[in-house]
Ligand SMILES: *[C@@H]1O[C@H](CO)[C@@H](O)[C@H](O)[C@H]1NC(C)=O
C-alpha cells in the first residue's frame, strides 16, 4: 500500500520522458501549404501521369505498354500502372469531361484535372506519414527524440515538396514503401523487408539502384549462417546455406514479382523496352550534379583553351595520339558544330569535343564497381547501420556515375542517409553537404520566377532548423574525437556560398532580356548549378566513404 501514492508520480515521469511525438501537426500544416500550391506551376510530368491515368482507364491491360499516342508512354513497372488504374476509378464526371481521361498526343485539361491529380498526390503521401509514425512509435526510448527529428526532416523535406507538389510526381508514397523495407530490416523482419523492397521495385524500378545492398544484406543475415562453419571440404559450403530461409525469402520475392508481371509475360520484351530505354543520352535534359557534370566542364574548358591558345593543342598532340584527341583545330571546330546540332533534341545528348565519349557500358561498370565496394563490408559485419551505410553508398554510386541520371534521384541517397546520420556526429558534415547541394540542385526544376522565393526560403529554413536539431540529438563519436577541421570548414564555406550562387544565377536570368550577350550563354545558369552542386555531392560521398571504410567502431 505504501507504494500506491507513488504510482501517479512514476507515470508522470514516464510521460515527461515520453512525450507524444506525433507527426500529425506537421501533416496538417504541410497539407495546408500543399493545398495552396495546387494552382501553381507543374511540369510535363503532370501530363505524363494524366496520360497514364487515361491509358490504364480506357484500354485493356494488354495494350498498356504498347499505347503510344502521346510521347509520354507508360514507362514505370506494372504496380504503378495498377496504382494509376485505381486512381482513375475515382475520377468524377466533371473531371472526366475536363479531358482528364482522354488518350491524346498533348493533354487538354483545365483546373478540375489539376485539382484531382494534385489531391491524389497529397492523399497517397499519407503513407509516408504513417510509416514514419510507426518508425517513431517503435523506436526505443533512448533514440526516440532523434528518430522523431529524422522522421520530421523527411516529411518536411524540400525535395518532396518541390518534386511532388510543384513539379508533380508520387515520390512521397513510393519512398514510404522503401522506408517500410528499411524499418523491417531494422526490426529483423527479413521476410517483410524483402517483401516491401520487391514491392517498391515493382512500383518504380529506379530502386534497382539500391538492390545490391538489399540483396547482400538479406543473403548474409537471413540465408547464410556462418556460426558453425568450419571449412573441411566443399560439402561444408552447402551447409552454410539455410535452405528453409532461402526458400521462404525466395517465394516471397518471386510471388510479388509474379503478381506484378504475370499479366505481361507474353509481352515481356515490350515491357523491358519501355522500362529500360537505353537509347537516351548520358545526361538528362539538364545535367544532374554528378561526376559527368565535372567531366563535361573539363571538356568545355579544354576546348576553350585549345581554341584560344592553339599551341596548347600542338603540345598535347605530342603526347596523346590523334584518335584520343582531335588531330586538327578544324576537326575541333567541326565537332563543335556537330555538338550544337545535337543539343536541340528533347533529351540532350552530350557530345564531348576533346575528351573521349562515354559509353553506357563504362557508366555501368563504374557504378557496379563502387556498389560492390559498398556492399563487401556488409558481408563481413551485417549490422543494421552497415546496411544503411551501404544503401546510401549504393545510391551515391549510381547517382554519381550512372547513365542518364535525373537530378531527382538524389532522394535515393538523402533518404537512406537520414536513417544513419544521428548515430555519429562526424556523419553530420557529409549529410549537410549532401542535403544542401542535393536540394539546391533541384531548384532548376521549378523555373518559374514566382516559385523562386518559395523554394529558396523553404530550403533555407529547413537547412537551418535541421542543422541545429540534428546536432542536438546526435551522439558524440564513440571513438576518440578526431575532428577533421579542414573538411568541416570547407563544408560550412561551401554551404554558405550556395546562397550567393543561387542569387547570382537568378540575376543572370533576370538580365537576359536586357543584354544580348547573356542569351548566348543560355545554359550557363544550369551549368553553374550542376557544377557547383556536383562538388558538394562528390565531397559528401568522399566524406561518407572515408568513415565507412576506415572507421570500424562507428558501424558496430
Ligand atoms: C503511435 O502511437 C500513438 C500513441 O503513443 C498512437 O496514438 C498512434 O496511433 C500510433 N501511430 C501509429 C501509426 O502506430
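Here the Cβ of each residue, glycine as well, is placed from N, Cα and C on the backbone.
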### Task
Match it up for me: which of 80-100, 206-226, 269-289 does TrEMBL list as transmembrane segment?
206-226
### Query
Can you check which of 490-508, 509-527 TrEMBL lists as transmembrane segment?
490-508
## Note on the structure
Same-chain residues at least 6 beyond the ends of the transmembrane segment (452-469) with CB under 8 Å of its CB atoms are 149, 153, 156-158, 161-162, 166, 428, 432, 435-436, 439-440, 442-443, 446, 495, 499, 502, 506
### Two-stretch contact, the transmembrane segment (206-226) and the transmembrane segment (362-381), at least three Cβ pairs under 8 Å
yes
### Query
Looking only at residues six or more beyond either end of the transmembrane segment (362-381), which have a C-beta under 8 A from one in the stretch?
209, 212-213, 215-217, 220, 282, 292, 387, 389-390, 393-394, 396-398, 400-403, 548-549, 555-556
### Summary
Given the transmembrane segment (115-136), its same-chain partners at Cβ distance under 8 Å and 6+ residues beyond its ends are 21-23, 26-27, 31, 34-35, 37-38, 46, 49-50, 53, 87, 90-92, 95, 100, 144, 147-148, 151, 154-155, 160, 164-165, 168-170, 172-173, 175-177, 179-180, 183
